[in-house]
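As recorded in TrEMBL, the features of this protein are as follows:
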BINDING   Gly28, Ser29, Gly30, Lys31, Gly32, Thr33, Arg145, Val154, Tyr155, Gly217  ATP binding site
BINDING   Thr49, Arg54, Gln75, Leu76, Val77, Gly103, Phe104, Pro105, Arg106, Gln110, Arg178, Arg189  AMP binding site
BINDING   Cys148, Cys151, Cys168, Cys171  Zn(2+) binding site
DOMAIN    145-180  domain 'Adenylate kinase active site lid'
REGION    48-77  region 'NMP'
Amino acid sequence: MQPSITLMFGGLIHEGTCMIIILLGPPGSGKGTVAEALCKMYPFRHVSTGDLFRSHIKNKTHLGQQIVEYMNAGQLVPDELTVKLIEHFLQKVAPQESIIFDGFPRTVNQAEKFDLLLPSFDRVVDYVLSLDVADDIIKNRLSGRRVCVNCGEVYNLAFFKPDEPKVCRDCQGELIQRKDDQPDVISSRLAVYHELTAPLVDYYAERKKLVHIDNSGTIDSIVRQVVERVNLEQK
């Protein structure tokens, strides 16, 4: 059984209450890895907008069909539809559940709409963790990433190498480099992030929600920073 949470930051203490934490950071900053590590230590629910998109598309929901239409047209999914997806998710979440959002919001417009939506669920954004890492480190991380085509296990040639080149140690599937992890695509993804998503740092800093995390080290050091900076304590 997981412990309850005491969260303290800026003199505010929340004990045993539902929390919302947002992870901000460029592609390759390890948002998903950090979220999974925290979920193993504390009773958070990890939510990725990418996973929500895929789930609705797979189940052919009304929202999923709208998403597919935009994707097939080569267009970005509108902020209004993305926020609607989040609203649909929150309707199905127990009021006492604490949530880590990974990949949402992506724009200031989404953040503003999210802030307007949350009071109807008696929730607020409690903390926003900015995973700070230089672009050159991101490029090195992503260019070395390899993914198993069979089970989806992720490796990295720099710090999490497979036992055999191009072979998954878990299922023996083939390891490939995704198109998103090729150098020219990485540069493009980073440019989009700096234009659309980076302004969220200022947005949440103005609202006293932001906590900067140095994300250039190991996952253990990163999680340790989160626990110390936000004063996460197990009860």
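In case you wondered, yes, glycine gets a Cβ from its N, Cα and C as well.
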What mean pLDDT score does the domain 'Adenylate kinase active site lid' (145-180) have in the model?
88
How many Å lie between the Cα of Cys148 (Zn(2+) binding site) and the Cα of Tyr155 (ATP binding site)?
8
Go through the binding-site residues Gly28, Gly30, Thr49, Val77, Tyr155 and tell me which ones have a CA within 10 A of the CA of Cys168 (Zn(2+) binding site).
Tyr155
Lowest local Cβ density among Val77, Cys151, which the record lists as binding-site residues, within 10 Å:
Cys151
Candidate with the highest Cβ count within 10 Å, taken from the binding-site residues Gly28, Gly30:
Gly28
So which other residues, same chain and not among Cys148, Cys151, Cys168, Cys171, have a Cβ within 8 Å of the centroid of the Cβ atoms at the Zn(2+) site?
Val149, Asn150, Gly152, Glu153, Arg169, Asp170, Gln172, Gly173, Leu175
Enter the number of other CB atoms within 10 angstroms of the CB of Arg145 (ATP binding site).
20
Look at each of the binding-site residues, Thr49, Gln75, and point out the one with the fewest other Cβ atoms around it within 10 Å.
Gln75
Please report the number of other Cβ atoms within 10 Å of the Cβ of Gly32 (ATP binding site).
17
DSSP secondary structure for Gly32 (ATP binding site), reduced to helix/strand/coil, please.
helix
What is the nearest of the binding-site residues Phe104, Arg106, Cys171 to Tyr155 (ATP binding site), using the Cα of each?
Cys171
On the DSSP side of things, how many residues of the region 'NMP' (48-77) fall into helix, strand and coil, could you say?
21 helix, 1 strand, 8 coil
What's the most sparsely packed of the binding-site residues Cys148, Cys168, Cys171, counting other C-beta atoms within 10 A?
Cys171
